[in-house]
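Asks: When I checked TrEMBL for this same protein, it listed these features:
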DOMAIN    92-149  domain 'Potassium channel'
DOMAIN    206-283  domain 'Potassium channel'
TRANSMEM  20-44  transmembrane segment
TRANSMEM  97-115  transmembrane segment
TRANSMEM  127-157  transmembrane segment
TRANSMEM  194-216  transmembrane segment
TRANSMEM  256-276  transmembrane segment
Amino acid sequence: MAGRGCGCGPGHMNEDNARFLLLAGLIVLYLLGGAAVFSALELAHELQAKQRWEERLANFSRGHNLSREELRGFLRHYEEATRAGIRMDSVRPRWDFTGAFYFVGTVVSTIGFGMTTPATIGGKIFLIFYGLVGCASTILFFNLFLERLITVIAYVMRSCHQQQLRRRGVTTQDNMKAPEKGEADSLAGWKPSVYYVMLILCLASVAISCGASALYATMEGWSYFDSLYFCFVAFSTIGFGDLVSSQNAQYESQGLYRFANFFFILTGVCCIYSLFNVISILIKQTVNWILRKLESGCFPQCQRGLLRSRRNVVMPGNIRNRCNISIETDGVMESDTDGRRLSGEMISMKDTNKVSLAILQKQLSEMANGGPHQPNASSRDDEFSGGVGAFAVMNNRLAETSGDR
């Protein structure tokens with residue numbers, strides 16, 4: 001009875017598995033496509049560089065009457081010195097306090113440039129435990145940053161919406177007498193769009209990257225394009241390490257530059273993380289839409305069951321819906337998923353899609369209207385409350401599991 005009442009039968013599990021397999025297949029195709037493109041772009045350059053290096057090595061060996069093996073052995077020693085932070089040009093010390101602070105910053109932010117790594121056994125052991133706590137704390141900080149960023153964005157969007165209503169003259173005689181009540185009534189059904197949030201985060205990330213690139217091009221001597229490339233690699237925490245800022249021994253206005261470098265990296269990582277969080281929700285919705293298209297073509301008998309959740313699907317081809325998407329958060333969260341979550345079962349991918357987007361939009365709406373509803377005493381003391389997007393789904397799940405105990 002419980003399985004039938006909450007939709008947890010074999011058919012529903014098959015839908016969840018299909019979503020998982022579809023996403024996995026799309027990721028594999030994405031990886032294969034990326035590998036093909038990068039191989040076509042970079043392989044020829046790699047072979048040319050290798051050929052030039054072999055020619056230079058042979059010429060140097062003949063010119064100085066050295067055997068190739070002796071020369072290669074010397075170069076291996078230089079590679080070991082490079083891994084320890086030794087360079088031919090003058091660079092800053094790697095393990096003084098400021099260098100070590102830069103290193104731990106790349107660890108806890110998960111950037112991991114790779115230009116500095118611990119060489120001692122004690123350092124490697126300490127890094128394991130230090131990174132475990134530090135990375136987890138930084139992820140929490142990023143999620144809390146996202147919450148506050150959503151608050152600011154929601155207030156700005158609400159102010160813009162109020163200005164639009166005033167320009168349109170959405171007022172009545174009663175509203176003229178009580179303008180605050182009139183504005184509240186006109187904004188009662190308004191919910192900010194997740195797509196506008198994504199656009200704002202994109203613009204903020206681009207602005208920060210352009211400003212940081214101008215700084216790096218001036219201080220590091222990189223081209224502006226290389227500086228933009230470094231910003232994306234660093235802010236997205238990919239951290240290749242081929243370009244690393246603030247590594248020279250001396251700079252003009254060194255203290256100010258290092259502070260600006262720290263500020264740009266911190267702000268950029270926070271913005272890109274927030275942008276990734278929002279984009280991932282939209283990707284989940286797109287996966288659902290693709291799966292429904294496939295099921296409607298291959299399994300007509302499943303159409304009846306799919307119609308119940310069609311209102312929660314983002315249709316990429318529908319421009320109007322794409323600009324004004326507003327999922328009925330209360331209905332989604334309270335009707336479709338409560339039964340299974342209260343029964344102690346795992347949240348399916350479909351429910352995660354709904355709840356992730358619903359929570360984000362609900363928080364946007366609540367923050368735009370002066371903050372969320374005041375919780376009762378029991379929920380206020382719940383250490384699992386709060387969160388945005390996927391983080392909120394996990395927190396809600398932990399809270400419900402804790403409450404069941």
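From the backbone N, Cα and C atoms, a Cβ is placed for every residue, glycine too.
Describe the structural surroundings of these features, if you would.
Replies: Counting only same-chain residues 6+ beyond the ends of the transmembrane segment (256-276), those with a CB under 8 A from a CB of the stretch are 98, 105, 109, 111, 142, 145-146, 149, 198, 201-202, 204-205, 208-209, 211-212, 215, 219, 231-232, 234-237, 245-246.
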Asks: Across the domain 'Potassium channel' (92-149), what are the DSSP residue counts per state (helix, strand, coil)?
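Replies: Summed by class, the stretch gives 41 helix, 0 strand, 17 coil.
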Asks: Give the nonlocal contacts of the transmembrane segment (20-44) in its own chain as ranges (CB under 8 Å, at least six residues past its ends).
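Replies: Contacts with the transmembrane segment (20-44): 287, 290-291, 294, 349.
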Asks: Is the transmembrane segment (97-115) packed against any residues at least 6 beyond its ends, judged by a Cβ distance under 8 Å, and which are they?
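Replies: Sequence-remote neighbours of the transmembrane segment (97-115) are 85, 127, 130-131, 134-135, 137-138, 234, 237-241, 244, 246-247, 258, 262, 265-266, 269.
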Asks: Counting by DSSP, what is the helix, strand and coil composition of the domain 'Potassium channel' (206-283)?
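Replies: The breakdown for the domain 'Potassium channel' (206-283) reads 57 helix, 1 strand, 20 coil.
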